[in-house]
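The following features are taken from TrEMBL:
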ACT_SITE  C229  active site, nucleophile
BINDING   C120, C121, C203, C206  [4Fe-4S] cluster binding site
DOMAIN    45-208  domain 'Phosphoadenosine phosphosulphate reductase'
Amino acid sequence: MTTATGTDALRALAQGAGRDLEEASASEILTWAAETFGRRLCVTSSMEDAVVAHLASRALPGIDVVFLDTGYHFPETIGTRDAVQAVMDVNVITLTPRLSVAEQDAEYGPRLHDRDPDLCCAMRKVAPLDAGLENYDAWVTGLRRDESPTRANTPVVAFDEKRRKVKISPIARWTQEDVEQYVAEHGVLTNPLLMDGYGSVGCAPCTRRLLAGEDTRAGRWSGRGKTECGIHT
Ligand code: SF4
């Protein structure tokens, strides 16, 4: 567990790096992260694509890639996870919620995601991630400023006060075109649903295809007044 002194040091480190690395490339940011944190660094991935995992594996071969298996994923997402583990130089770690979907249905009633998606996300995403990140000092996300208005101010490096970890978003300044170019140049794995009308891939009951002109994340929790699962807020 991070000590109080360690927390202060990590916060100062993150604040300095956030300033110093704002204009750095994704590779430069991840090289700094690998040299600073070593095996106390992990990547979190929704398995929408493996771009950040690919970038991170070049900076730190064998890096842990943390995936949250909510029990509600599309089969294509689980297949992407398995393919990432099979072909990339990473160590995929799958985190699961305390309750299975059947246990949650029995305790809270079926389709909690329709009635109280914040509670469902808190139990199936946020709590397992919070516990899983205890093993690390820093975590890497794939957040981008162009994904939605709520992500427009994402720093490349910041201190995550809630978890007391350094939070690194090396592709924060990238555009959708940058991602597509990187995927094409490096043959990076992507979730097949991205080729089937989805702009962002989350749990099946809470994800729909995009309509023309929508933000990439508009298909998540559509019509439920919710834009984030709580991991990044
Ligand atoms: Fe539940 Fe939907 Fe959140 Fe998945 S995205 S954890 S199904 S509310």
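Glycine is no exception: its Cβ is also placed from the backbone N, Cα and C atoms.
All features noted in TrEMBL, drawn onto the structure.
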residue	record	DSSP class
C120	[4Fe-4S] cluster binding site	helix
C203	[4Fe-4S] cluster binding site	coil
C229	active site, nucleophile	coil
Recorded positions: C120, C121, C203, C206, C229 - member with fewest neighbouring CB atoms within 10 Å: C206
Beyond the site residues C120, C121, C203, C206: chain residues whose C-beta lies within 8 Å of the centroid, for [4Fe-4S] cluster: T70, Y72, H113, P117, R124, K125, G202, P205, W221, C229
Using Cα positions only, nearest of the binding-site residues to C229 (active site, nucleophile) (C120, C121, C203): C121
